[in-house]
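> There's a structure below that I have some questions on.
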Amino acid sequence: MRTAYTSDQIRTAERALMATLPEGTLMSRAAAGLAAVCARLLTGVHGSVYGSRVVILAGSGDNGGDALYAGARLARRGAGVSAVLAGSRTHEGGLAALLAAGGRAGAFAEDRAADLVREADLVLDGLVGIGGSGALREPYGTLAGLAADTRGLVVAVDVPSGVDAGTGEVAGAAVRAQVTVTFGAYKNGLLIDPGAERAGAVELVDIGLGPYLPGPDVEALTGDDVVRLLPQAGVESDKYRRGVVGIAAGSDRYTGAAVLSVGGAVRAGAGMVRFVSSAEPVRYVRARWPEAVTTVLRDGAESSDASQASQAQGSDGSDDPLREVGRVQAWVLGPGLGTDARAHALARAVLAEDVPVLVDADGLSLVAGDRALLRRTAPTLLTPHAGELSRLLGVPRAEIEAGRLEHVRRAAAELGATVLLKGSTTVIAENGHPVRANTTGTPWLATGGTGDVLSGIAGALLAGGLSCYDAAACAAYLHGLAGRDAAGGGPDGRGRAPIAALDVALALPAAIRALTWASIGPGQ
Ligand SMILES: NC(=O)C1=CN([C@@H]2O[C@H](COP(=O)(O)OP(=O)(O)OC[C@H]3O[C@@H](n4cnc5c(N)ncnc54)[C@H](O)[C@@H]3O)[C@@H](O)[C@H]2O)[C@@H](O)CC1
Ligand SMILES: [K+]
């Protein structure tokens with residue numbers, strides 16, 4: 001598990017640790033770790049530290065101090081180090097160390113700074129760290145812009161300047177780093193977009209903070225965590241123990257969403273998928289996924305094929321649209337369902353069931369229009385994107401995208417459900433738990449239908465017995481991994497080829513297999 005913290009949590013832990021150590025120990029540990037990472041990177045891009053050009057963007061606080069002390073270490077190894085002093089003050093000890101090591105420093109002047117930054121092999125962003133708040137003031141904002149034009153690497157100290165360490169929010173200009181060297185523990189903003197995306201690869205330097213840290217504010221599952229949580233198929237397993245997931249999705253207008261959702265569930269290892277919809281989507285689902293057992297809803301009645309084509313009619317006269325469906329351990333409600341009266345009646349019936357229900361897509365629109373649907377005792381998992389959450393909370397979409405952590409938490413509290421907010425980083429909130437941020441994925445996943453696949457994966461995991469919180473986090477992880485594999489991309493998620501949503505479903509078994517082998521080895 002990767003754990004992350006707010007700036008206040010980090011400061012409190014740092015104070016407690018500092019009280020046990022001689023003054024300056026922590027900064028010296030931080031600077032040593034930072035210099036070691038920079039030396040390694042410089043060796044990669046320049047061939048050696050000696051003779052390389054390093055430019056430090058130094059703010060007025062301890063973040064600047066870290067950068068200056070690290071610069072001194074690099075200067076002692078023969079790097080040409082120049083510091084641009086951007087603040088009204090400068091960390092005195094750090095500056096003295098840099099100058100004593102043969103480095104240079106000068107106050108900010110835009111032309112000179114632009115030249116230095118452009119020609120650098122490595123730009124060290126020490127403008128602000130966990131002490132930053134709000135949009136970068138000048139000249140920091142200008143320097144963040146100049147850093148984008150360097151031909152060298154940009155390394156952020158602790159957090160990229162301009163990224164709110166506690167939330168990942170970016171209020172204005174912000175440094176975009178290839179590498180962020182962070183001290184003691186991850187900060188939330190390194191896991192949550194838009195900040196996470198500015199951080200690049202994150203390297204954690206141990207400064208001894210571990211024993212002083214409280215429970216995390218945010219966490220991210222690793223592959224090993226996912227393998228540990230996934231339901232395992234054992235010799236005793238039958239389809240009911242593996243989990244039967246019901247999927248109420250699709251409409252005559254939207255058949256594809258149903259096919260994709262069922263596909264996600266089938267390929268994520270559901271013991272059985274029971275699919276309930278009108279005739280047209282049922283036809284498509286049966287054609288693509290013969291594994292699914294389908295039930296056709298017709299004008300308030302329904303017929304079930306129970307794998308065969310028998311046309312069972314409800315005989316008890318009740319208008320429960322689920323009466324012929326059979327046993328289900330968790331439901332997925334909503335992809336392509338529409339929002340008409342038929343869809344509303346189906347939503348009401350599904351949400352009245354005493355099993356976990358995942359609500360997605362049109363299901364979320366129905367719930368936004370009739371909050372009473374969420375009054376239930378069994379667990380509910382909502383999986384909105386920012387637009388859908390905007391309707392649920394009555395908050396503009398842009399605000400949700402800018403403040404993902406705040407809004408996913410608020411949604412979980414207000415709606416009394418587990419909430420998975422989709423996006424460039426998917427985040428999951430449940431009252432009383434750390435928010436989970438997903439670290440897998442690829443920009444290629446931003447294509448129509450991938451959310452439908454995700455709903456099926458999470459539904460299968462819910463039916464397999466995972467809690468909403470674990471099912472959501474594992475589903476997001478596997479979905480991101482499968483998307484990445486389908487795109488043929490590297491571990492940074494930058495795939496080379498576009499993908500279609502169905503590719504993600506099809507890539508799932510191989511992604512799960514690779515993950516399991518990496519975690520426990522073949523033959524286990
Ligand atoms: N406290 C500790 O024990 C340690 C702290 N360390 C470093 O210290 C950093 C925190 O240092 P500080 O508390 O001095 O804070 P920072 O150096 O992060 O920032 C504070 C300074 O930035 C200015 N500032 C804040 N927001 C700004 C904005 N939007 N635009 C322009 N200027 C802004 C403030 O006026 C203040 O001068 C950490 O991020 C880390 O790099 C490390 O050395 C490890 C140990
Ligand atoms: K920084």
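Including glycine, each Cβ sits where the backbone N, Cα and C put it.
Those TrEMBL annotations? Automatic predictions, nothing curated.
Here's the feature list from TrEMBL:
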DOMAIN    10-215  domain 'YjeF N-terminal'
BINDING   62-66, 129-135, Y140, D158, A257, G336, H385, D452  (6S)-NADPHX binding site
DOMAIN    222-515  domain 'YjeF C-terminal'
REGION    299-322  region 'Disordered'
COMPBIAS  303-316  compositional bias 'Low complexity'
> Which entry in the list of binding-site residues, D62, G65, I130, Y140, G336, has its Cβ near the fewest other Cβ atoms, using 10 Å as the limit?
D62
> Would you mind listing, in sequence order, the residues at least six apart from S133 ((6S)-NADPHX binding site) in the same chain with a Cβ closer than 8 Å to its Cβ?
D164
> Grab the pLDDT values for the domain 'YjeF N-terminal' (10-215) and give me their mean, rounded.
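Averaging the confidence scores along the domain 'YjeF N-terminal' (10-215) gives 97.
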